[in-house]
Amino acid sequence: MDLLTHWLGNAPDFAVPFALAALGLILTERAGVLALGAEGLMLVGALAGIGMQLGVGVAGVSLLVAMVAAGAVSLLFALMVLVLRINQVIAGLALVFFCQGLTGLAGTVFGWTNRPVSGLNTVELWPLSELPLVGKIFVQNPLVYLTVLIFIAVVWFLYRTQTGLRLRAVGENPQAADAAGIPVLTYRLAAIVAGAALIGLAGAYIAVLSTKMWIADMTGGRGWIAVSLVIFARWSPWRALAGALLFGAIEALIPQLAATGVRLPQYFVLMTPYAVTLLVMIWVALGSRESASQPGALGEPFIREQRR
Amino acid sequence: MKQVNALQLSGINKSFDGFQALTDAHFTACWGEVHALLGENGAGKSSLMNIAAGLYAPETGSLMVDDNLVRLSGPRDASRYQIGMVHQHFKLVKPFTVAQNILLGLPAEPGSYRTRLQALEQQISAKAQELGFVLDPRQPVEQLSIAEQQRVEILKVLLAGARILILDEPTAVLTDQEAERLLSTVQTFAQQGAAVVLVTHKMADVKRFADRVTVMRGGKTIQTLNPQHVSVDELVRLTVGESAQAGYTPGPPAGPLRLQVRELRSPTGSGPLAGVNLSLHAGQIYGIAGVGGNGQGELANALMGLPQPTEGEIHLESFGDLRGASAEQRRELRIACIPADRYGAALAGSLSVVENFAIGQVHGGRYGSFWRLLGTRMRSDAAAAVQAFDVQGVRSLEQNAALLSGGNAQKLVIAREFSRDPQLVVVHSPSRGLDVRATQAVHARLRAARDSGAAVLVISEDLDEVLTLADRIGVMNSGRIVAEFEHPADRQAIGKAMVSHD
Amino acid sequence: MTDTTLPQPTVSTRQPLFGRRYTLETRQQMAMHWQALVIGLALLFGLAICALILVGAGVPAQELLNEFVVQTLFDAQNLRAVLFQAAPMIMVGLAGCMAFRARFWNLGLEGQMIWGAIGATAISLFDIGPHALRLPLMMLTAMLCAMLWTLTPVLLKLHLKVNEIISTLMLNYIAANFLLHLVYGSWKDPRDNFPYSPPLQSFERLPDFLAGYNVAILMALVITAITLWFVGISRAGLYLRFVDANPRVAGAVGVPVRKMIVATVLLSGALAGLAGFVVTAGQEGRLTQSFYQGYGFSGILIAFLARNNPVAATVVALLIALLFVAGRNLQVFYQIPFSMVQLIQAILVICVASSDFFIRHRMRRIQAGDC
């Protein structure tokens, strides 16, 4: 019983990075840009957040700086895919490798590795926090609640504003959007930077609020899991949130199982998120032959004067 | 009727990657007229109008609206000058509703998105009613028919305030009745004072609905005239140039039955084929005519062995059902395929001319065993074929196939496919995008294949092409062959069968 | 209406600087020597950026050339190290080339290396086969294990359209955790407390063909020749070029597309497995916990820079091996973390990928209004 309560209470904490990263990816991919660089941008956010936290120590500022840093690095990606029209898969992979190298180097050179920082205090949502069994779900750090607000804001933006409509049009059919006078590349640039900021926030959450320190390559494939989460969610923010909770629950289970003293082969337990990701991908593929909800022009560069 | 120039393009030059699409083109449309822009495929009509709509930037030349020089930096600018264009390939966001699509083109205004959308939905319904058709503004565009999608496009430019309306091949996808209605609606706009540019290659539309016509050929504007003062023959002469198309030539009497398509249909709900039946003899050209989108593409795929789910049978004499044949079997049966989409299904543009030619016979071992390719033989064969089939523009056999012009790329495909002395030839839109000379060369090749005993099936949306080639004509409509004609066929009767709804 | 000498009226109010004056065009082909020049300039630009970063990280500017060229090429010990390092690098590079030629994003090179190493080590641990045949047996097992591990993502892609980037990456993490399970668990060397397997016996290790020069590099060269035959001389190479250029066209002209993709990707996996075997039986001499790190990215980078050409891949792999050795030296002498090597590689990839833009496009001046 205690185990269950703890597990449920911890799940949101593990789910938030997945949720924020997936939301950032959805924002970018809805504009038609294939964003494989999430793993790298999360690392940038994580490192920038820790650096700020070690220097200034105000979590809010650290998280904001992490968003700005990831947004700034994503300008390199935007340059590659929007201006230089590099294949978006290559550009995304190059971005991941670049960020891995950059953060690994900077973390060591600045001496930020393995130095603990203080996170944020939890906030209780009274009286929900007094509920039996599920009460712990409502004792979380403020960013967990903020994440829910961010989701509402992004969904409202995408589906309830004219700018959101235009953004989606750019991702579905850039030729049509262009003919309607929408500046396609500007929208894509904004989507890349805004998405990167959310992904950076996800990385900073892991480093500043969960692990509370920087270790090279600390995101451990969570960016890639977020990429597959978006496919699983068929580019819908709410389904992505549900998927993030699923993965958060799985990750939260690992330390809980260890605490109970059940002797499970440790490294097989550590495999589970990756194995589940693979299974989810297969399940999605089995379910729908045509991924109809994928943005129509995902991954295609936009060139106005192209014949055929 | 005020005779003030609405839209004036002068001295326009435009090229794409070395290909000169427009050479010193001039065009003027006045307020209150329907001005037709007439020309063959590839004459530069769409390129010229895309410049007027702000999509392409001209290299030289000027654009004037209302006799004022303007410079368009994009479609939004064009819309500011009240220019609206309905493109041949609709620029619609498929998953969005009608109203959302129309909202996209409108400038941002304060106010909530929802109330704006609701107001727009009412406006759309009202405008649609005014034009005499019904349209549900909340329906997703992907659920609409082609004709309905076109109405959305027209409403889109009208609600954005367009007074200069450019329609690019609007009747190409419509039945005769639909086309008639559309053009009379358009005529009404013009009578109310708007300027309408009608891009088309159909003489009949020009004669009936246009006040003036500008003829284009080979990227140049040839002449502007009043269609009432000129005969159809004269218009044809202006559009295709002096060398008119060669007519039908009969071949030897048809041989034995070779191919039978029996009740070929798409599995329920997955495609347009609705029970195709036809028989094809050796030494015969069977032409399939019809308005585009009636199942021709699917029939072609099924016959060419491209992925296409079907039920029924494609029976080849002395073999059986072709649908189950493997690529190797199809090769052994000497079936030649010339698909409509050359760079999508026949040629690898980024590979060399040699490779694209040699792939046709490499399987049989002509170019060496699996372990070693015989490069020299591949090159000499390719060189001979390039010569024999008059593929021009091959500076080097190692150059990319993508550098060939449409006609020469088509000749290369034919050279490869005919290198195995085919007994069955399946052709889809063989002259699409080709100039008159290349078309004639391609047609001659198809006739030669027939004369040497092959059974040839030509699927084309160009009725003239079918009439000049086919010994026997089947009309495809709504996924079936609805009527068959022997040469010489009555053009009117074929046209009627193409558009009839039963 | 042919009046081109119109009075030039009020020049339009807006004249964007870049919008109308220039237009960007795609071009189909560029002469080879121009392409080489553009790529060369891009590499120089990337190297300049890397040099700046290195100096910023604390390497004296005058030492750069010494560290990267003189020390690695003209020092016998370092040169041996470079060649030793180059062998697995060439193999993963060729593995990348093969997969890319089949349009398969094989990001699972590391996982395939791990399985190659596990397979080879298992033969040693369970003492299978006579001593004389031990090395060939280990090699074959390594390739087989890696191929089996590669089979899953290929079949998933072909039959279910599961994105191979994600599936191969996830399989990497799974393989890495399984490796940890082995070296921390049942395969741990009982003699000490480090996470690695017992050492291979002397006849299970790749020998030197000359003093200090391991046969691994010869194996790599043989494999280069084999892949060169495969893509350049055999009929499969022509098939593969069609698959790479346009799978739909390939299918239409009778290329066995699926067979080619499966065979080529499995070959890619086998080569990665071989790289795992070479590191285990050559450099490390036992199964260790992180021997594979850095190879996955390098393999993809090599294939990309070499444009999937086996000979070019071998040359690039040698340079990357040099970079690795120099990187280790920097780590020792200047405390520069090894991530620097990855950063340098990423910068080079970005620069070369960007250079493609100048090869595929050209700027053209437009003069509107006067002619």
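From the backbone N, Cα and C atoms, a Cβ is placed for every residue, glycine too.
Automated prediction, rather than curation, is the source of TrEMBL annotations.
As annotated by TrEMBL, transmembrane segment applies to C:36-59, C:79-100, C:112-129, C:135-156, C:168-187, C:215-240, C:261-281, C:311-330, C:336-359.
Among C:36-59, C:79-100, C:261-281, C:79-100 has the largest number of CB pairs under 8 A with the transmembrane segment (C:311-330). For the transmembrane segment (C:261-281), the partner stretch with the highest count of Cβ pairs under 8 angstroms, out of C:36-59, C:79-100, C:168-187, C:336-359, is C:79-100. Between the transmembrane segment (C:215-240) and the listed ranges C:36-59, C:79-100, C:168-187, the one holding the most Cβ pairs under 8 Å is C:79-100. Residues 30, 67, 330, 334-336, 340, 343-344, 347-348, 350-352, 354-355, 358-359 of the same chain sit 6 or more residues outside the transmembrane segment (C:36-59) yet have a Cβ under 8 Å from a Cβ within it.
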